[in-house]
Each structure stands twice: as C-alpha cells, then as structure tokens.
Amino acid sequence: MADPALHKTRPIKEIAIDYTPEACNHCSDSNSITLTFDHRGGARWRSTTRFLYGTFSSLIQYPKGNTSGLNFNIYLSSLEGDKSQDEIDFEFLGNDKTIAQTNYYTTGTGNREQIHDLGFDCSDGFHKYVIKWGPELIEWLIDEKVVRRAERKDGERFPDKAMFLYSSIWDASYIANGGWTGPYIGCDAPYVCLYKDIHVPAGTALDCSCDS
C-alpha cells in the first residue's frame with residue numbers, strides 16, 4: 001500500500017439498496033446508515049460505483065440481543081451473485097459476536113477464511129472496520145489495528161476486479177444446518193445495524209452504469 005493515492009478517502013455520498021429498501025435508511029448529511037432485519041427479512045446496501053483498489057472504512061455497531069442465525073458484514077465484491085466474483089470480506093456470525101471472519105475470493109474461489117477474536121462484543125458500541133486493498137496487498141483493520149495481511153504470491157490469483165462496497169444483514173442459518181451462524185431464534189427482532197462515518201476511496205472510482 002505504498003501508493004499514497006490508495007489511502008485517500010471521502011465520505012460515501014450515495015448508496016443503492018439491492019433489496020428490502022424500506023429496511024434501509026441512509027442520511028448523506030450525517031453520513032449514516034441504518035439496516036434492519038425483521039419479519040420482512042434482511043436487506044443489503046452498496047456503493048453506486050465500483051472502485052479499483054483503495055481504503056474502505058466505517059464505524060459500525062452490530063445488532064443487540066440474541067442474533068443467532070444471522071450474518072452481518074461489510075465487504076467488497078465485483079458483483080454480488082456473480083459466480084466469478086472477486087471479493088474481500090469482513091463477516092460477523094450471529095451465534096458469537098466476539099469474533100469476526102475474514103476471507104477473500106478470486107474469480108469465485110474463496111476458502112481463505114480466518115477467524116479473529118475481537119476482544120469485545122461487536123454489538124457493544126461502535127467500532128471501526130477498515131479494508132485496505134492494493135494490487136499486491138490486502139489489510140483488514142479493526143479499531144486501527146491490523147488483524148490480517150494477505151500478500152500476492154507468485155503464480156496465484158489476487159483480487160484485481162473493480163469492486164463495490166457492500167453491507168447486509170441476512171438469515172444464514174440454513175448454511176451447514178446452522179453450524180456457521182447458529183439456528184435462527186428471532187426472539188429479539190428487530191435487529192438493527194448502525195453505520196456512521198462511512199468512507200470510500202477518493203480517487204479510484206470507475207464510471208459504472210450497473211445497478212444490478
């Protein structure tokens with residue numbers, strides 16, 4: 001990440017809501033987003049443009065209560081739903097809010113998961129989550145501390161497709177019969193993710209007319 005341009009950021013101005021728009025509220029003036037999971041199901045927002053490298057960050061408070069079965073996250077993807085996507089993930093598993101899972105994909109292939117002890121409950125106040133992505137290096141940071149570094153290796157693919165910033169909350173209890181996020185209980189719904197001070201790269205956005 002030696003290129004200074006990859007560290008320059010700006011507040012996110014606009015977002016697109018991929019599904020359940022009534023469960024997502026965005027205030028550009030305060031640079032804040034609220035995302036809710038309830039009887040309507042989950043919701044997902046994303047940036048309106050893709051970026052080719054740079055620094056992405058947000059202060060986030062994840063939902064309180066018994067969140068078993070849910071997945072909440074902040075991640076980059078070249079296009080959600082594309083089976084050949086590049087992707088860089090921060091994921092939080094509803095059955096244990098004291099850990100985070102990181103992963104990255106190249107042309108649809110992941111299997112690079114790592115689990116990180118947070119040292120706190122991610123629903124107890126705001127914490128800062130940062131993804132720094134360059135041509136040769138990815139860094140994941142929590143509260144300004146690097147928790148993972150992935151370097152490009154000779155002969156191996158590395159994320160190089162322009163990517164959107166995404167975030168969602170969804171019921172993942174069907175995966176591995178609840179073995180990943182636990183069974184969905186739902187006794188404390190609605191579940192609310194709060195985001196503020198959301199920043200995206202200042203100089204690496206690519207023009208994009210894609211809204212799918």
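Quick reminder: no glycine exception, Cβ is built from N, Cα and C everywhere.
The annotation domain 'GH16' is assigned in TrEMBL to 5-200.
Taking the Cβ of GLU87 (active site, nucleophile) as centre and 10 Å as the limit, one finds 22 other Cβ atoms among all the protein chains shown. What TrEMBL records for GLU87 is active site, nucleophile.
Annotation comment: TrEMBL describes GLU91 as active site, proton donor.
Around the Cβ of GLU91 (active site, proton donor), the number of neighbouring Cβ atoms within 10 Å comes to 20.
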